[in-house]
Amino acid sequence: MVVKRAEVLGYCSGVRRAVDTVLKLAKENTENKSGLYTFGPLIHNPSTMLRLKQMGVRTIDTENFTEDEDYKDSVIVIRAHGIPPSKKSELEKSGAKVIDATCSRVKASQALAKKHSEEAFVILAGDKNHGELISIAGYAEGKCLIVQNAEEAALIDLPSSLSANGSAVLIAQTTIKESEYEAIASALKKRISDLKVFNTICPATSDRQAALKKLAYEVDALLVIGGKNSANTKRLFQTAVDTKKPAWLIEDASEIPKEIFSYSVIGLTAGASTPDFIIDEVEKKLLEG
(Lines of atoms letter the chains of each structure in order from A; the text may use other names.)
(Lines give C-alpha, C1' and ligand atoms only; values in the text may rest on other atoms or scores of the structure.)
Protein backbone atom coordinates (compact mmCIF):
# COMPACT_ATOMS: atom_id res chain seq x y z
CA MET A 1 0.00 0.00 0.00
CA VAL A 2 1.07 3.56 -0.76
CA VAL A 3 -0.17 6.42 1.44
CA LYS A 4 -0.15 9.96 0.07
CA ARG A 5 -0.85 13.03 2.16
CA ALA A 6 -2.56 16.14 0.84
CA GLU A 7 -0.14 19.04 0.48
CA VAL A 8 -2.16 20.97 3.07
CA LEU A 9 -3.83 19.20 6.01
CA GLY A 10 -4.31 19.33 9.76
CA TYR A 11 -4.10 22.24 12.19
CA CYS A 12 -4.68 25.73 10.87
CA SER A 13 -2.69 28.55 12.47
CA GLY A 14 -5.61 29.76 14.61
CA VAL A 15 -6.30 26.36 16.14
CA ARG A 16 -2.60 25.60 16.63
CA ARG A 17 -2.15 28.89 18.47
CA ALA A 18 -5.14 28.20 20.75
CA VAL A 19 -4.00 24.65 21.53
CA ASP A 20 -0.39 25.71 22.12
CA THR A 21 -1.60 28.46 24.46
CA VAL A 22 -3.58 26.01 26.61
CA LEU A 23 -0.83 23.36 26.58
CA LYS A 24 1.71 25.95 27.76
CA LEU A 25 -0.60 27.10 30.54
CA ALA A 26 -1.29 23.49 31.59
CA LYS A 27 2.42 22.71 31.85
CA GLU A 28 2.94 25.83 33.96
CA ASN A 29 0.07 24.75 36.21
CA THR A 30 1.26 21.22 37.03
CA GLU A 31 0.75 21.71 40.77
CA ASN A 32 -2.85 22.76 40.05
CA LYS A 33 -2.51 25.89 42.19
CA SER A 34 -5.19 27.61 40.13
CA GLY A 35 -7.97 26.32 37.95
CA LEU A 36 -7.41 26.27 34.19
CA TYR A 37 -10.50 26.37 32.00
CA THR A 38 -11.51 26.79 28.39
CA PHE A 39 -14.77 28.57 27.65
CA GLY A 40 -16.48 25.80 25.74
CA PRO A 41 -14.62 22.92 24.03
CA LEU A 42 -11.28 24.28 22.83
CA ILE A 43 -11.52 22.41 19.52
CA HIS A 44 -13.80 19.82 17.95
CA ASN A 45 -11.41 16.91 18.34
CA PRO A 46 -12.13 14.22 20.98
CA SER A 47 -8.52 13.01 21.27
CA THR A 48 -7.17 16.47 21.95
CA MET A 49 -9.96 17.22 24.42
CA LEU A 50 -9.17 14.00 26.32
CA ARG A 51 -5.47 14.90 26.43
CA LEU A 52 -6.28 18.35 27.83
CA LYS A 53 -8.61 16.86 30.44
CA GLN A 54 -5.85 14.51 31.57
CA MET A 55 -3.62 17.56 32.00
CA GLY A 56 -6.17 19.17 34.33
CA VAL A 57 -7.84 21.50 31.84
CA ARG A 58 -11.57 21.83 32.47
CA THR A 59 -14.29 22.98 30.09
CA ILE A 60 -16.91 25.55 31.08
CA ASP A 61 -20.46 24.99 29.85
CA THR A 62 -20.99 28.21 27.86
CA GLU A 63 -24.78 28.06 27.91
CA ASN A 64 -25.10 27.81 31.69
CA PHE A 65 -22.28 30.17 32.68
CA THR A 66 -23.18 33.29 34.68
CA GLU A 67 -21.03 36.13 35.96
CA ASP A 68 -22.12 35.25 39.50
CA GLU A 69 -19.87 32.19 39.46
CA ASP A 70 -16.59 32.65 41.29
CA TYR A 71 -13.47 31.91 39.24
CA LYS A 72 -11.10 34.01 41.33
CA ASP A 73 -7.44 33.01 40.81
CA SER A 74 -8.45 30.85 37.83
CA VAL A 75 -7.49 31.23 34.18
CA ILE A 76 -10.14 31.03 31.45
CA VAL A 77 -9.06 30.74 27.81
CA ILE A 78 -11.37 31.93 25.04
CA ARG A 79 -11.23 29.44 22.17
CA ALA A 80 -10.42 30.23 18.53
CA HIS A 81 -14.13 30.64 17.66
CA GLY A 82 -14.36 33.69 19.90
CA ILE A 83 -17.29 34.81 22.06
CA PRO A 84 -19.74 37.74 22.04
CA PRO A 85 -18.52 40.87 23.89
CA SER A 86 -21.28 40.46 26.49
CA LYS A 87 -19.93 37.02 27.40
CA LYS A 88 -16.37 38.31 27.60
CA SER A 89 -17.56 40.97 30.03
CA GLU A 90 -19.20 38.26 32.17
CA LEU A 91 -15.95 36.27 32.21
CA GLU A 92 -13.99 39.29 33.40
CA LYS A 93 -16.52 39.93 36.19
CA SER A 94 -16.09 36.34 37.43
CA GLY A 95 -12.67 37.19 38.87
CA ALA A 96 -10.73 35.01 36.44
CA LYS A 97 -7.75 35.99 34.37
CA VAL A 98 -9.11 35.88 30.80
CA ILE A 99 -6.80 34.94 27.93
CA ASP A 100 -8.22 35.57 24.48
CA ALA A 101 -7.13 32.93 21.93
CA THR A 102 -9.67 34.01 19.32
CA CYS A 103 -8.41 33.39 15.78
CA SER A 104 -7.14 36.61 14.17
CA ARG A 105 -9.43 36.07 11.17
CA VAL A 106 -12.47 35.71 13.43
CA LYS A 107 -11.41 38.90 15.22
CA ALA A 108 -11.32 40.65 11.85
CA SER A 109 -14.89 39.49 11.13
CA GLN A 110 -15.98 40.66 14.58
CA ALA A 111 -14.50 44.09 13.84
CA LEU A 112 -16.31 44.23 10.48
CA ALA A 113 -19.63 43.40 12.11
CA LYS A 114 -19.14 46.05 14.79
CA LYS A 115 -18.08 48.74 12.32
CA HIS A 116 -20.76 48.20 9.69
CA SER A 117 -23.65 47.60 12.08
CA GLU A 118 -23.48 51.32 12.87
CA GLU A 119 -24.64 52.25 9.35
CA ALA A 120 -25.88 49.04 7.71
CA PHE A 121 -27.52 45.71 8.42
CA VAL A 122 -25.19 42.74 8.95
CA ILE A 123 -25.91 39.36 7.36
CA LEU A 124 -23.79 36.36 8.33
CA ALA A 125 -23.46 33.27 6.12
CA GLY A 126 -22.94 29.90 7.77
CA ASP A 127 -24.12 27.64 10.56
CA LYS A 128 -26.36 29.60 12.96
CA ASN A 129 -25.38 27.30 15.84
CA HIS A 130 -21.62 27.58 15.29
CA GLY A 131 -19.64 29.35 18.00
CA GLU A 132 -17.85 31.56 15.49
CA LEU A 133 -21.02 33.08 14.04
CA ILE A 134 -22.56 33.47 17.48
CA SER A 135 -19.47 35.44 18.53
CA ILE A 136 -19.55 37.65 15.42
CA ALA A 137 -23.29 38.30 15.74
CA GLY A 138 -22.66 39.64 19.24
CA TYR A 139 -20.64 42.50 17.76
CA ALA A 140 -23.50 43.58 15.47
CA GLU A 141 -25.59 44.58 18.49
CA GLY A 142 -28.90 43.20 17.25
CA LYS A 143 -28.67 44.48 13.67
CA CYS A 144 -27.92 41.05 12.30
CA LEU A 145 -29.37 37.86 10.85
CA ILE A 146 -27.80 34.54 9.85
CA VAL A 147 -28.51 32.64 6.62
CA GLN A 148 -27.32 29.06 6.30
CA ASN A 149 -27.71 28.38 2.57
CA ALA A 150 -28.84 29.89 -0.74
CA GLU A 151 -32.40 28.60 -0.36
CA GLU A 152 -32.73 30.33 2.99
CA ALA A 153 -31.17 33.51 1.58
CA ALA A 154 -33.85 33.60 -1.11
CA LEU A 155 -36.77 33.15 1.30
CA ILE A 156 -35.82 34.54 4.70
CA ASP A 157 -37.73 37.58 5.95
CA LEU A 158 -35.59 40.68 5.65
CA PRO A 159 -35.98 43.72 7.94
CA SER A 160 -38.12 46.55 6.59
CA SER A 161 -35.06 48.81 6.37
CA LEU A 162 -33.63 46.59 3.62
CA SER A 163 -36.93 46.50 1.76
CA ALA A 164 -36.73 50.29 1.60
CA ASN A 165 -33.41 50.30 -0.26
CA GLY A 166 -31.30 50.08 2.88
CA SER A 167 -27.71 48.86 2.80
CA ALA A 168 -26.32 45.58 4.11
CA VAL A 169 -23.02 43.76 4.41
CA LEU A 170 -22.43 40.03 4.05
CA ILE A 171 -19.79 38.28 6.17
CA ALA A 172 -18.90 34.58 5.83
CA GLN A 173 -18.14 31.98 8.45
CA THR A 174 -14.42 31.38 7.95
CA THR A 175 -14.95 27.66 7.25
CA ILE A 176 -17.78 27.86 4.70
CA LYS A 177 -17.16 26.48 1.20
CA GLU A 178 -16.59 29.17 -1.42
CA SER A 179 -19.31 27.75 -3.67
CA GLU A 180 -21.84 27.90 -0.81
CA TYR A 181 -20.92 31.50 -0.02
CA GLU A 182 -21.13 32.56 -3.65
CA ALA A 183 -24.60 31.01 -3.94
CA ILE A 184 -25.78 32.82 -0.80
CA ALA A 185 -24.36 36.13 -2.03
CA SER A 186 -26.02 35.68 -5.43
CA ALA A 187 -29.42 35.02 -3.84
CA LEU A 188 -29.16 38.06 -1.57
CA LYS A 189 -28.01 40.40 -4.35
CA LYS A 190 -31.31 39.74 -6.10
CA ARG A 191 -33.15 41.03 -3.03
CA ILE A 192 -30.86 43.76 -1.67
CA SER A 193 -29.78 46.55 -4.01
CA ASP A 194 -26.96 47.81 -1.79
CA LEU A 195 -25.13 44.70 -0.58
CA LYS A 196 -21.40 44.71 0.15
CA VAL A 197 -19.87 41.22 0.20
CA PHE A 198 -16.75 40.61 2.27
CA ASN A 199 -14.52 37.63 1.53
CA THR A 200 -13.86 36.43 5.06
CA ILE A 201 -13.35 32.74 4.24
CA CYS A 202 -10.08 31.54 5.71
CA PRO A 203 -7.57 30.38 3.07
CA ALA A 204 -6.87 27.39 5.32
CA THR A 205 -10.32 26.07 4.40
CA SER A 206 -10.08 26.57 0.65
CA ASP A 207 -6.42 25.45 0.62
CA ARG A 208 -7.34 22.12 2.24
CA GLN A 209 -10.21 21.59 -0.18
CA ALA A 210 -8.04 22.43 -3.20
CA ALA A 211 -5.25 20.13 -1.99
CA LEU A 212 -7.78 17.33 -1.50
CA LYS A 213 -9.19 17.73 -5.02
CA LYS A 214 -5.65 17.56 -6.42
CA LEU A 215 -4.84 14.50 -4.30
CA ALA A 216 -7.96 12.67 -5.51
CA TYR A 217 -6.46 12.36 -9.01
CA GLU A 218 -3.48 10.46 -7.59
CA VAL A 219 -5.18 7.90 -5.31
CA ASP A 220 -7.73 5.08 -5.28
CA ALA A 221 -9.54 6.05 -2.06
CA LEU A 222 -9.60 8.86 0.50
CA LEU A 223 -9.52 9.09 4.29
CA VAL A 224 -10.55 12.34 5.95
CA ILE A 225 -9.39 12.61 9.57
CA GLY A 226 -11.13 14.88 12.05
CA GLY A 227 -13.80 15.37 14.67
CA LYS A 228 -17.28 14.52 13.45
CA ASN A 229 -18.57 17.69 15.13
CA SER A 230 -16.07 19.90 13.31
CA ALA A 231 -17.67 22.15 10.69
CA ASN A 232 -14.55 22.40 8.52
CA THR A 233 -13.95 18.64 8.70
CA LYS A 234 -17.51 17.88 7.61
CA ARG A 235 -17.11 20.23 4.65
CA LEU A 236 -13.78 18.63 3.81
CA PHE A 237 -15.41 15.21 3.84
CA GLN A 238 -18.15 16.46 1.53
CA THR A 239 -15.44 17.64 -0.85
CA ALA A 240 -13.95 14.13 -0.72
CA VAL A 241 -17.34 12.59 -1.51
CA ASP A 242 -17.77 15.01 -4.41
CA THR A 243 -14.59 13.67 -6.05
CA LYS A 244 -16.47 10.34 -6.56
CA LYS A 245 -13.58 8.41 -5.03
CA PRO A 246 -14.42 6.02 -2.14
CA ALA A 247 -14.14 8.18 0.98
CA TRP A 248 -14.41 7.73 4.75
CA LEU A 249 -14.44 10.15 7.68
CA ILE A 250 -12.63 8.92 10.80
CA GLU A 251 -11.63 10.53 14.09
CA ASP A 252 -8.54 8.42 14.75
CA ALA A 253 -6.67 5.24 13.77
CA SER A 254 -9.12 2.99 15.63
CA GLU A 255 -11.83 3.89 13.10
CA ILE A 256 -9.93 2.94 9.93
CA PRO A 257 -12.39 0.84 7.88
CA LYS A 258 -11.34 -2.65 6.81
CA GLU A 259 -12.45 -1.90 3.25
CA ILE A 260 -9.66 0.64 2.82
CA PHE A 261 -7.03 -2.11 2.73
CA SER A 262 -8.37 -3.39 -0.58
CA TYR A 263 -7.04 -0.25 -2.30
CA SER A 264 -3.45 0.25 -3.43
CA VAL A 265 -3.04 4.02 -3.07
CA ILE A 266 -4.72 5.85 -0.19
CA GLY A 267 -5.01 9.62 0.12
CA LEU A 268 -4.95 11.27 3.55
CA THR A 269 -6.28 14.67 4.53
CA ALA A 270 -7.34 16.14 7.87
CA GLY A 271 -9.50 18.95 9.19
CA ALA A 272 -8.10 22.14 10.71
CA SER A 273 -8.64 20.86 14.26
CA THR A 274 -6.83 17.53 13.77
CA PRO A 275 -3.48 17.25 15.60
CA ASP A 276 -0.34 15.99 13.90
CA PHE A 277 0.01 12.92 16.12
CA ILE A 278 -3.38 11.53 15.03
CA ILE A 279 -2.48 11.93 11.35
CA ASP A 280 0.82 10.14 12.00
CA GLU A 281 -0.95 7.28 13.83
CA VAL A 282 -3.43 6.78 10.98
CA GLU A 283 -0.66 6.70 8.38
CA LYS A 284 1.38 4.25 10.46
CA LYS A 285 -1.55 1.86 10.90
CA LEU A 286 -2.35 1.95 7.18
CA LEU A 287 1.23 1.08 6.26
CA GLU A 288 1.35 -1.71 8.82
CA GLY A 289 -1.75 -3.22 7.23
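From the backbone N, Cα and C atoms, a Cβ is placed for every residue, glycine too.
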Candidates C144, C202, the one Swiss-Prot lists with C12, C103 as binding [4Fe-4S] cluster: C202
Between T174 ((2E)-4-hydroxy-3-methylbut-2-enyl diphosphate binding site) and S230 (dimethylallyl diphosphate binding site): CA-CA distance (Å): 13
Least surrounded among the binding-site residues, given as H44, H81, H130, when other CB atoms within 10 Å are counted: H130
Within 10 angstroms of H81 (dimethylallyl diphosphate binding site), Cα basis - recorded positions out of C12, E132, C202: E132
